[in-house]
Amino acid sequence: MNMKTIEWKDGELVLIDQRKLPDSLEYFRCRDYRDVIYAIKNMVVRGAPAIGVTAAFGVAMAELAGEDVEVAAEEIKASRPTAVNLFWAVDRVMKSESPLDEAITMYMEDMETNRAIGRHGAGLIEDGDTVLTHCNAGALACVDYGTALGVIRAAWDDGKRLTVICDETRPVGQGARLSVWEMQQEGIPVKLITDVAAGYLMQTGMIDKVIIGADRIAEGGVANKIGSLMVALAAKRFNVPFYVAAPMSTFDTENSIYDIEIEERDPAEVLYYGGCRIAPQDTEAINPAFDIVPSDLISGIITEKGILDPL
């Protein structure tokens, strides 16, 4: 994509409003740190690296406005509990003498990091491969370029012919709405499947690799968008290599993956789709936003430093 998910313009943070895609490309302007919290909570911006950079600018905006930065930092941290990049970014900016300069540095680093991830991962993809990805770990999940989709972009730019399979990623549909859109912008062949079709495609030999992103990597496994575990289990059963692509900032070296908080989102996301109710009245729904892929299901973790073993 030739556009940035996040841009700092004239004292405002301008975000692609991902709730509007793919129907329209609109922007959401954050004029203070409270707008940043709204954007993160309501998935105007999503994806661990993008949330981290957005949070960094949120702290900077609080400092520039003369707000209580400590209070702002804690409120920003509380906006989404599972993505470790959020906490890492806020803590890093808080230690800086100039929060705005540090946020801009992190913005630039994110672009460089994603391209390094792409370079390291591109060699895993062979000419003619069909690659399955879950949710959206592309340019829209970062400042630009992406992690999992960055690997696919890099392989495509290397001249490899490939096909991308995106699952829809219920309940919010990030695969259908965002990943398919990104691949179409690049002219990379892409097909959409329902979430429950992934196992069948692997069983019948239609998938050569799986590459997903991550919201947190810790001892014992990886936390990523709900549904990642089912994809990983099918990949293990049918001997399909399963890779995670993420920056080093997504690593949490202080906790077990099973000790982290898994965000529970509004049940309405499950009960409604496209504004239409899809279940009977008075139906109760459970809506965890993430699940955990154990380390033994992961073939490798693609980072800016190379391909690493799972923790």
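First residue shown is number 1, and so on along the chain.
Cβ atoms here come from the backbone N, Cα and C positions, even for glycine.
Annotation comment: Swiss-Prot describes Asp215 as active site, proton donor, evidence class sequence analysis. Around the Cβ of Asp215 (active site, proton donor), a 10 Å sphere holds 30 further Cβ atoms from the protein chains shown.
For the recorded site, Lys225 (substrate binding site), the DSSP three-state label reads strand. According to Swiss-Prot, the substrate binding site annotation covers Arg46, Gly47, Ala48, Arg80, Gln174, Asn224, Lys225.
Annotated site 'Transition state stabilizer' per Swiss-Prot: Cys135, in sequence order. When secondary structure is read from DSSP and collapsed to three states, Cys135 (site 'Transition state stabilizer') falls in the coil class.
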Exercise. What is the total of other Cβ atoms whose distance to the Cβ of Cys135 (site 'Transition state stabilizer') is within 10 Å?
Worked result: 29
Seminar exercise, completed: Largest C-alpha distance in Å for the substrate site residues Arg46, Gly47, Ala48, Arg80, Gln174, Asn224, Lys225, as a whole number, is 17
Seminar exercise, completed: All chains considered, the count of other Cβ atoms within 10 Å of the Cβ of Gly47 (substrate binding site) is 29
Problem set entry | Residues flanking the substrate site, with Cβ no more than 8 Å from the Cβ centroid of Arg46, Gly47, Ala48, Arg80, Gln174, Asn224, Lys225 and excluding those residues themselves | Ile51, Ala83, Cys135, Asn136, Ala137, Ala141, Gly213, Asp215, Ala289, Phe290
Exercise. What count of other C-beta atoms do you get within 10 angstroms of the C-beta of Lys225 (substrate binding site), across all chains shown?
Worked result: 24
